[in-house]
Amino acid sequence: MSNWKNSVDPAVDYLLPIAKKAGIETAWDRYEAMQPQCGFGELGVCCRICWKGPCRIDPFGNGPQRGVCGADAHTIVARNLIRMIAAGAAAHSEHGRHIALTLLEVGEGHAPAYRIKDEQKLRKIAEKLNLAPAGKDIRQVAKEVALASLDDYSRQKRNVPCNWAKETLTAERVDKLAELGVMPHNIDAVITEIMGRTHVGCDADAVNLLLGGIKGALADYTGMCLSTELSDVIFGTPKPVITQANLGVLKEDAVNIAVHGHNPLLSEIICDVALKMNEEAKKAGAKEGINVVGICCTGNEVMMRRGIPLATNYLSQEMAIITGALDAMVVDVQCIMPALTSVAECFHTEIITTMAENKITGATHIEFREDSAVESAKKIVEVAIEAFKKRDKRKVNIPDCKQTAITGFSAEAIMAVLSKLNANDPLKPLIDNIINGNIQGIALFAGCNNPKAIHDNSFITIAKELAKNNVLMLATGCGAGAFAKNGLMTQEATEAYAGESLKAVLTALGKAAGLNGPLPLVLHMGSCVDNSRAVNVAVAIANKLGVDLDKLPLVASAPEFMSEKAVAIGTWAVTLGIPTHIGIVPQIMGSSVVVEFLTEKAKDLLGGYFIVETNPELAAAKLVAVIKERRRGLGI
């Protein structure tokens, strides 16, 4: 790997040599030590589902072509894939359940740390779910919405689809998915069904297995959608906010607390409590008090709603500790590296776990519960202040790297900006500019980071090329983090990289929104669960045009995808009719049936399909070609 550049993030480039000199192992070191990775696993042809195995299929056709039970490569690859989808759906949907249960507690008056911050949105959701909120007390509406959402985890009638899936998609798409038998009726049941059908001696038809995976991906979409919408009700719907990103947001003279993970229930309270405990931090010697920063999707949540600076994204989370300036990293669920505690041992940093089902050996555990949220947050901040007192100033190396980032573009915020140009028909300016070609299409960037690609590079490279081709870009998750850290969520990026017609549209919208300049080149829509915000925008456009989602000049890209959640997201994007690029070779190449289904046959069946391309320049060209193909289909 001598010619391999690990990252385009200057903060990472600054800190990696420091880590190496100190003998601190990072994700990049562990990835290199893992080479060569298992070829059977890379192809998806290793089966560990029963203890007759593990069984490995010879991809060259010379050795075993079936496992001990007789499962062939197609069955093995499909089973492995849809189990990943089930895990991803479980992760997102458990997040959603947590939010829904908290909303129920708010409605019942049992969660004093939380309140309803967006009553208007709550009533709109109630109307969407056919709950007739008019004239009802807001707490009653909260209870009814929460219970209707929780129904999506418990409904036993298989012919009644999940509320949040049925009411948020186009009618044509709902009908198509129902005809295919893949509309979920119950998130938990669908995940259970996947685990059951992939047990030894069950479903052995690759295509049938994949259809089960598609159903699981739609369950994931359901859980994500309700997570986002109900979080907005409790914490407020994001509006444009100017903040900063990258590790330069850490401060030498402050108690630095990073919130990391995915669940805003904890991080929001940490932010509140930190403000109230500023004086305690100053008494401990921190001249600037407490500085809360974000990492990963929890970071995106508080960045969108509060303007809390984003320190970094998934792959570089260890770098926050290696600065020597981080006093506490408070983690909840998902995408938290177990290695954090090992890195923290080299510094004074406290790694604080907070969820009963997510502990890490070597971390300090402070249990978080909604009914005692403030008390838990106070304990956490106190631990951070005590850690600050132990900080070794000789080890502090904060890179001088931070970028301005304009974030907070929820679907509602985008509509509010558009309404400045046409209050009676906010979508008209957007649709008119798509039809006349000023905006060629829309691209959603999502997903993770992966050391198999140069950190952040594919996001940046593809975005610059799409911008040149006048494609409007949205972003979520660690992809959004890449853009924020590398300066693509600024007005200057729009001036530098946008094609002339896209630049003109973004400038008109930015000035109308009072930004005294264009909107940023990439619009930050939130965390990974907030991919559903992009669906809301797409569905609104499709309904306005009278077409289904698979006709829109809309694409998605996850150029550095890594997690099982990303597998689920990509699958539901394809299922909704969105051509979806992935920049990491998926672990399915051992089955021609699975590859053909996901990259070709899905196009005929669903309208969406996967585009596998590891070269970001070629990926950008392919996405532009897809957008042009879709435009021709619409006759524009």
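Counting starts with 1 at the first residue shown.
Using the three backbone atoms N, Cα and C, a Cβ is placed for every residue, glycine included.
The structure displayed is predicted, hence computed values, not measured ones.
Among C271, C297, C346, the residue that Swiss-Prot places alongside H262, C335, C448, C478, C528 at the [Ni-4Fe-5S] cluster binding site is C297. [4Fe-4S] cluster 2 binding, as stated in Swiss-Prot, involves C47, C50, C55; the candidate among C69, C162 given for that site is C69. Excluding C47, C50, C55, C69, which define the [4Fe-4S] cluster 2 site, the same chain contributes R48, I49, K52, G53, P54, G67, V68, A71, I76, V200 within 8 Å (Cβ to the Cβ centroid), listed in sequence order. Within 8 Å of the Cβ centroid of the [Ni-4Fe-5S] cluster site, not counting the listed residues H262, C297, C335, C448, C478, C528, the chain contributes C296, N300, N313, Y314, Q334, G477, S527, S563, K565. When the binding-site residues C38, C46, C335, C478, C528 are screened for a Cα within 10 A of the Cα of C55 ([4Fe-4S] cluster 2 binding site), the ones that qualify are C46.
Long-range Cβ neighbours of H262 ([Ni-4Fe-5S] cluster binding site) (same chain, at least 6 residues apart, Cβ-Cβ under 8 Å): H95, C296, C297, T298, E301, D332, V333, Q334, C335, S527, C528, V529. C528 ([Ni-4Fe-5S] cluster binding site): 31 other CB atoms within 10 A of its CB, across all protein chains. Note: the CA-CA distance between C47 ([4Fe-4S] cluster 2 binding site) and C448 ([Ni-4Fe-5S] cluster binding site) rounds to 26 Å. C47 ([4Fe-4S] cluster 2 binding site) falls within a strand segment according to DSSP.
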